[in-house]
Every structure is written in structure tokens, then in C-alpha cells.
Ligand SMILES: Nc1nc(=O)c2c([nH]1)NC[C@@H]1CN(c3ccc(C(=O)N[C@@H](CCC(=O)O)C(=O)O)cc3)C=[N+]21
């Protein structure tokens, strides 16, 4: 049976370190500030944004949340971002995605000052991660969290290891591949047009699933002993729990995979909590850099 990589525990350890460093900074008169912006009333987004604001407070950050109406015009959101860019008490700006259709997400993301872009979505940060300068950039929180889990499992040098990333999104798949490559893994990105995915997946010492298709990766896709990182968070019907009930599953068929893998992340309690922890780490790093200090190693 595979070792379970406990994302909840590693996230708690990471936020504990962030809170510790934040206390040291506060003694120097610097309080890390995070602004989270939510447009509209999507219930899932409200839950995630609430969790981020709460975690920021727990870290001792200055935490502000801006809730805007679903019909907010794009220029109003851009004006808010301009104010937050100019606000010295704010070190990190996160605009929750997806945005309502009248707003162009790319225009909004590129309006965030790169040095406050704690999501790591601005072209400047994307470019630095892609060119192997992740140490100076903001790495997107989900791949950053997944990398920390892989590092804990396998160490920081992945020389000689085959990594297969299933999914080519800008938010997870592509930056994940860049980070694995920077750690010396041999990396393949697979996607919906890849031929014979099961065979390719079986070549992976490190398998990262980030496609958003419930339980797509089966037990016989996994090389015995592989490290499996499940980025998927899919809500599916669970009639066995009663009428109208749902449950969360990943992109990996967990019950099958844990018999084959060497180590595996669960869903929930895996990569999800790490995402929020890395947002706190990025905000702390931003506050340090703003004060001319290096970001602490976590
Ligand atoms: N600008 C922006 N940045 C984001 O980072 C961002 C976003 N927009 N939009 C939505 C996605 C999704 N996301 C998650 C974070 C934590 C969990 C998480 O902690 N999940 C728990 C379960 C939560 C539950 O029970 O629903 C877990 O996996 O254990 C999930 C999903 C961040 N996102």
C-alpha cells in the first residue's frame, strides 16, 4: 500500500512556518498584507475565498476581502486593482477565478503589479518560472504546493526520474512541467490528444494528474512504486450517501492507485490545502522582498 502524502498536515506545517516568520517581520514593523477579490456570488468561490482570507488572518497578516457584484464592469475592477497596486499595506493581490463574462480575465491579471501577483499568473512571473528563475518569481500556488510534496517525498534533485504531467493548463500543467524540469526530472506533458496515455503514464516515476476528469487515471496506469500527485478536485454525485449528496474525488481512482503507487496524495486533504498554504508563503515572500529582505526558505 502506498504512503499517503498528507497535504493537510504539510499545509499546517507550512502555514505555521509562515506565521512564525510573519511574527518576526511584525516586530520590524512590517505586516504582510493580502487582498482577495471576489466578483459575483458563486458559492464554491465564496467558500475558497473565505478560506484564503481566514488563513491569512491566522498567519497574522493584514487580510482584506473585496466582494464585488456579479455585474461589476471591468473598468471598476481595474480601478480597484490600481488602488491595491498603489497601497503599500498590500503585498499580495488575488482575483478569484473564474470571473463573470463581461470581464476579460487576462486583462485583469496583467493589470496586477507583478511584484504583488501572488497567484503567479502575470506574464512576468510566468516567464521567470519558464526560464528557470522561479526563485525570484511568484510560482503559481498549486504547482508550488505539489512540488513541495514531491520534494518531501523524493528530495529536491529529481535526476534520472521520469515525470509525466497529464494536463497542459497555464495554471497547473505548464508551470508544473517547468518546475519538474528545473529539478532535473525528464518531463513529458500529456493531454487529451496524447496517444496511448496509459502506457505513457506507466513510464512515470512521478505522475501528476491535472485534467479535471473524475478518477480518469486507473490503477493499471501507474508504475509500481511511483509518486502520484492528484491535482483534480471533482464534485460527483454520491447517491450511496443519500438523496442529492455529493463527494469530492480526484483525477486518480484512489482505491486502485494506492495499491500500486509508492506514495499518493488524497482528495480531499492533498494538493488543495497546499494551494492555500503556498498563497500564504507567496504573500510572506512579497512582504520580505518589499522590505529588501530575502524570502525565507520554508
Ligand atoms: N485566482 C485564483 N487563484 C486560485 O488559487 C484559485 C482560483 N483563482 N480559483 C479557484 C481555484 C481552486 N482553488 C482551490 C484551493 C484550495 C482547495 C482546497 O483546499 N480543497 C480542499 C477541499 C475543499 C472542499 O471540501 O471543497 C481539499 O482538497 O482538501 C481547493 C481549490 C484555488 N483556486
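Even glycines carry a Cβ here, placed using N, Cα and C.
Annotations in TrEMBL come from automatic prediction, not curation.
The domain 'Tetrahydrofolate dehydrogenase/cyclohydrolase catalytic' annotation in TrEMBL covers 5-119. Positions annotated as domain 'Tetrahydrofolate dehydrogenase/cyclohydrolase NAD(P)-binding' by TrEMBL: 140-289. Look at TrEMBL and you will find 167, 168, 169, 233 tagged as NADP(+) binding site.
Features per TrEMBL, on structure.
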residue	record	CB count, 10 Å
167	NADP(+) binding site	23
168	NADP(+) binding site	18
169	NADP(+) binding site	17
233	NADP(+) binding site	19
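With a cut-off of 6 Å between Cβ and the nearest atom of ligand 1, the binding-site residues 167, 168, 169, 233 reduce to 233. Mean predicted confidence for the domain 'Tetrahydrofolate dehydrogenase/cyclohydrolase catalytic' (5-119): the pLDDT average there is 97.
For the domain 'Tetrahydrofolate dehydrogenase/cyclohydrolase NAD(P)-binding' (140-289), the DSSP-based tally of helix, strand and coil residues reads 58 helix, 30 strand, 62 coil. Spanning the listed NADP(+) site, residues 167, 168, 169, 233 have a farthest Cα to Cα distance of 16 Å. Applying DSSP to the domain 'Tetrahydrofolate dehydrogenase/cyclohydrolase catalytic' (5-119) sorts its residues as follows: 60 helix, 18 strand, 37 coil.
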